[in-house]
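*Asks:* Got these off TrEMBL a minute ago, pasting:
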- B:R48, B:R54: NADP(+) binding site (BINDING)
- B:R131, B:S132, B:S133, B:N243, B:A244, B:G288, B:K303, B:P304, B:T305, B:S306, B:S307, B:R329: FMN binding site (BINDING)
4 protein chains.
Amino acid sequence: MSHNTFGHLFRVTTWGESHGPALGCVVDGCPPGIRFTLDEIQAYMDKRKPGQSRFVTQRREDDIVKVLSGVMLSEDETVMTTTGTPISMLIENTDQRSKDYGEIARRYRPGHADYAYDLKYGIRDYRGGGRSSARETAARVAAGALARKVIPGVTIRAALVQIGKHKINRGNWDWAQVEQNPFFCPDAAMVPVWEDYLDGIRKAGSSIGAVIEVVAENVPAGLGAPIYAKLDQDIASLLMSINAVKGVEVGEGFAAAELSGEENADEMRMGNDGQPLFLSNHAGGILGGISTGQPITARFAVKPTSSILTERQSIDADGNNVDVRTKGRHDPCVGIRAAPIGEAMVACALADHFLRDRGQTGKAR
Amino acid sequence: MSHNTFGHLFRVTTWGESHGPALGCVVDGCPPGIRFTLDEIQAYMDKRKPGQSRFVTQRREDDIVKVLSGVMLSEDETVMTTTGTPISMLIENTDQRSKDYGEIARRYRPGHADYAYDLKYGIRDYRGGGRSSARETAARVAAGALARKVIPGVTIRAALVQIGKHKINRGNWDWAQVEQNPFFCPDAAMVPVWEDYLDGIRKAGSSIGAVIEVVAENVPAGLGAPIYAKLDQDIASLLMSINAVKGVEVGEGFAAAELSGEENADEMRMGNDGQPLFLSNHAGGILGGISTGQPITARFAVKPTSSILTERQSIDADGNNVDVRTKGRHDPCVGIRAAPIGEAMVACALADHFLRDRGQTGKAR
Amino acid sequence: MSHNTFGHLFRVTTWGESHGPALGCVVDGCPPGIRFTLDEIQAYMDKRKPGQSRFVTQRREDDIVKVLSGVMLSEDETVMTTTGTPISMLIENTDQRSKDYGEIARRYRPGHADYAYDLKYGIRDYRGGGRSSARETAARVAAGALARKVIPGVTIRAALVQIGKHKINRGNWDWAQVEQNPFFCPDAAMVPVWEDYLDGIRKAGSSIGAVIEVVAENVPAGLGAPIYAKLDQDIASLLMSINAVKGVEVGEGFAAAELSGEENADEMRMGNDGQPLFLSNHAGGILGGISTGQPITARFAVKPTSSILTERQSIDADGNNVDVRTKGRHDPCVGIRAAPIGEAMVACALADHFLRDRGQTGKAR
Amino acid sequence: MSHNTFGHLFRVTTWGESHGPALGCVVDGCPPGIRFTLDEIQAYMDKRKPGQSRFVTQRREDDIVKVLSGVMLSEDETVMTTTGTPISMLIENTDQRSKDYGEIARRYRPGHADYAYDLKYGIRDYRGGGRSSARETAARVAAGALARKVIPGVTIRAALVQIGKHKINRGNWDWAQVEQNPFFCPDAAMVPVWEDYLDGIRKAGSSIGAVIEVVAENVPAGLGAPIYAKLDQDIASLLMSINAVKGVEVGEGFAAAELSGEENADEMRMGNDGQPLFLSNHAGGILGGISTGQPITARFAVKPTSSILTERQSIDADGNNVDVRTKGRHDPCVGIRAAPIGEAMVACALADHFLRDRGQTGKAR
């Protein structure tokens, strides 16, 4: 089951199951001389953390990151400076509620990876979803927190733009709102709508999908490479690696299918400051696989979690027809907690291409 | 400008510009003992070939593939058998109409990679788009033709499902139709609509986007790997590597955002033949990154080509405001010719994961 | 400082410094269904462990391996079974004797990596050698213990064949001896010679080099790949990745330069059992980069450690001439503890090629 | 039979058999803006070319390199400038003397890769050695010629230091001599000795091994990475990938086993020019896997070719005992032609690490 690593120069390896003692990641290729505090990393972890509102799973994990290698501590032990060696980060699993998994161990939950894992490996850690649990993404967020530091001045933010059929009004977009509601919603007017809607879904033991948008600003021009290491290709690849993601788009995305060449092209003019200026950003900040300096915009669709209280038809490992109802603490909309993960994935893709462009130590040319 | 290679065990490296003497690819990791004829490869090349209808570029290229290595010829020189060594395939560029590129060499065409290339590399082969020309995809189709042979019995087909705002009626889907119109359209009723629509676009010197769907049938269960080598991730990555692609989705894709967990889960029952049976395929044949044996379905959105006859505002390499009008022979809808390329990319992703699962020689366990 | 990972399908990532809280590795791609006990791993760890005789560093580390992920425990918690997910192993650093590193932090020890690290990264964890400490190899040995399990029936053993100018008599080779002396010496007659010799070196605060031979038996034929993934190439690469290794050879190695084609060729005959039989093994079990089924033999040369009590001329980070004398607990012959590391590296190379040949789950064809 | 590619950022893929229409390589990741002429590349090709003296195979190949992509031609078509896109180079096979291979197709030549290939792949291009022919190395030399250009000012030269038991006197080393004899011998006094010695071997239809030394001067300090991408590790890996190479060493190499720490350490002093100065170079220019700025020295041992006129015992593919005598035009000492190949491999390893350090376009920090 090879390949729990991604990245070419900025390389991240994650490990760990939902119900083992811990999970974590090794961030390899992080340039030396980057200063950070644990609080900075923890702030991102807290955004993804379960149990923060009634709209996400009530599993409680502190998600405290320990840094085991790759840094020098300041005298007062508050600031860490990377040395260029691999940074090992570990997060203990604290809320492993013991329960009888006997049933799930044999029954395939529709829409879960259970059946596919058993087909491929003949063995599977069924406790809490094992490796395919959403807990794996905690390690991604920790890695992403470092990745952000690699590119000076970059800002990477995510927001939910759709839950079920309810899409935000893009005219209302306000990044400040994103921090002020449990949905990472940039449209204040949409918050009560989603609140009502998700309450209904939650009470019914059902679930619903969502669309998340990630925007990266102050990305240097020239990142990426033509053909098979396009920046948008690598962003798409990493966003699709998030559990439950079924679609990815950059810039206009699928809407581009309906546009004419005249509508879609981003015209240019020299700005008053003598710098080239794009008059629009249909491309999402990437042309020919290379960043142009405009904001990079990507969206991804998250399916509804398959863990629902309604009984569904299925089979078990012995080839019997069974009905499966997934009890436990689940997210009515896993898309909500996917926002900080999407940010982390974009951050890692950008850090990797930044180093490919500038070299291992990431120094500016 | 690293990385003109993709794949982990089935590895494809493409090379070549639009206006050099030739382009081609090296297919490395192809198992030994695969038999094929040049005609089989050529059949796929011909589907992608320009100049076949008034709806695609009138550039004429024979796109004849020469196999330079990696095979043993049968006595009568008709059948090639792979030996496991790298297969080098070469396609000569025959229609390199000479023209004055002076203007394009300096002016950035809006929506093209020109500006981004110059920013990154400071030099660019501006003739016919150079490396970012759609001609690069000829090499992909040749590689894809071999990739199909790696998985016994697999069928990989693509169809256009949308041009501009005109979507097919999925109830009319008929694969036989796809071969019978210039649009790879599976809905006979849609063909005259697209014909009229594209005629208008073509005459206006404009362009339009499209959506292509790729379906892979008879894919063995168990291909792919959880987390960072998900089968859907690698398919998404390769589809996004095609020029002009702005979005990718698998199974329900973005529509999954609007589905409830009950609607989206694919229920299972034991079939009359004693084999597990899925009652639906919202997942697009992939669960947890691993193929389930159901058909794999993926879609990708192609933006309208930026090469249009209307003047657009831009700048030149010297920082002057200029207006650019792209003359030449261009596709009114590049999405049409993207269909065989999408097939090739999915074929390569499947071949790679097949070998990762079964080993270098691809023998069944 | 990218690349603390090796392997293509069986992938090992190591992390950790000498004086941090812990070090460890993530073994990714290990097939599912492999059963092992912690005692089995610990047995290999103990062979490498410091402080076991007066001929190795007196630093004391228990080197207890904790397995944090990738396994299912048996009911009685004694046997672990791999699930195919990444296996994270952690070893705590327990003997981090605090001392004043101020001097070493600024002075470059001749023959150490200090100067090169500072040149490249501008920052370096000088405590105990940091990342370039021999402690990193503990993680390799843990990974190697799993790698051995991947290939059924394989035996991988190492022995010292030379310390300083004192070479063993190959006619006396007895694997049983290797376990019975502190030198991994297969020649009982050589043990007292080395004992005397190293006592002298140790008392003088000096150090000496060594040559280690690794032999792998019961390696399946057909592992490796021609040209750029030759089995001997990958073995050489991993052996050279061990700190202080300056040379590697396979089969006859450098001695082959003095042989004629007649002398060097390994003739073949059909054996009485109807199986092909090699009449000699000058090739070291590998032809054209592919294993033949004969024992694989490789040797590597370890330089004397640069940590010696004699003052040597050097410079400091401020460009002053200084004299450096490396105090502390050091190995008079680091080659001794390199034997289990060499075994581990060969085991990992073989496991990787086994999976490349047979596929991710390593099932026999 | 995956992996005919090497390098991480400067990536080379070779393809082609001895008796196909052509062979070649794709050099990917070469920075833009490098200017070269075909004559420069050809000069390196000519050093490796067969048929140049009676001491190498009499097969005649012009080995003319054609550059098919990745460059812009100057107006007068003499100078090529790289654009950063993949550079495809092709060399036609012109001297494919037709002969009856029936016998070799079934009989395993002792010491050749025949047996191992058949075991692994079940099919093999037996004509002229197929993929394992020394002709594959022509592509390496072409790639190496470009690699040299990546690092400004670097000089990479190779010399034979031993044929059979006859070693050069290092005190006589004169690089100017290397160009003036058919052996790349730096010791003028040794030339007549080797001449006599090889004449005898040639007339007897026998063969002999050799040792080649490669020296790289003006290598920037800071190339390489600790642990698993050590510069010496990657050099060793590539030298071991050359056919018939059985051993590799850096700096003192195996001789380091006999040295004490005092003898082996390279002391330092500040030079009169205010620059750090090494007082010796036992390390071969690499410490902790990172270049120090000193000359890099590596040696590799080439076994005698297995193609000899004396009959040797072997078996055939049907399991019969047979005697094999390899007729044809062979090198009495393949080590001679390995000198330019060794240079090329070191050049590629350095170019790769140069780009990893400085970024894709190789600009100085």
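Glycine too: its Cβ is placed from the backbone N, Cα and C atoms.
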*Asks:* Taking the Cβ of B:R131 (FMN binding site) as the centre, count every other Cβ atom within 10 Å, in any protein chain shown.
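*Replies:* Counting Cβ neighbours of B:R131 (FMN binding site) within 10 Å gives 28.
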*Asks:* Cα of B:T305 (FMN binding site) to Cα of B:R54 (NADP(+) binding site): how many Å, rounded?
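*Replies:* Just about 16 Å between their Cα atoms.
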*Asks:* Compute the C-alpha separation of B:R131 (FMN binding site) from B:R54 (NADP(+) binding site), stating it in Å without decimals.
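*Replies:* Computed Cα spacing between B:R131 (FMN binding site) and B:R54 (NADP(+) binding site) is 25 Å.
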*Asks:* By the criterion CB under 8 A from chain A, which of the binding-site residues B:R131, B:S133, B:K303 would you report?
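*Replies:* Cβ contacts with chain A under 8 Å: B:R131, B:K303.
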*Asks:* For B:K303 (FMN binding site) and B:R54 (NADP(+) binding site), determine the Cα separation and express it in whole Å.
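*Replies:* So the alpha carbons of B:K303 (FMN binding site) and B:R54 (NADP(+) binding site) sit roughly 19 Å from each other.
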*Asks:* Taking only same-chain residues 6+ apart in sequence, whose CB is under 8 Å from that of B:A244 (FMN binding site), what do you get?
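*Replies:* In sequence order, B:V302, B:K303, B:T305, B:V334, B:G335, B:A338 meet the Cβ cut-off.
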*Asks:* Of all the binding-site residues given, B:R48, B:R54, B:K303, which has the fewest Cβ neighbours within 10 Å once its own Cβ is left out?
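*Replies:* Candidates: the binding-site residues B:R48, B:R54, B:K303. Fewest Cβ atoms within 10 Å: B:R54.
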*Asks:* If proximity means a C-beta under 8 angstroms from chain D, which of B:R48, B:R131, B:S133, B:K303, B:T305 count? These are the binding-site residues.
*Replies:* B:R131
*Asks:* Pick out which of the binding-site residues B:S133, B:T305, B:S307 has the most other Cβ atoms within 10 Å of its own Cβ.
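*Replies:* The largest 10 Å Cβ neighbour count belongs to B:T305.
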*Asks:* How many Å lie between the Cα of B:R54 (NADP(+) binding site) and the Cα of B:S307 (FMN binding site)?
*Replies:* 16
*Asks:* According to DSSP, collapsed to three classes, what secondary structure does B:K303 (FMN binding site) have?
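*Replies:* Assignment for B:K303 (FMN binding site) reads coil.
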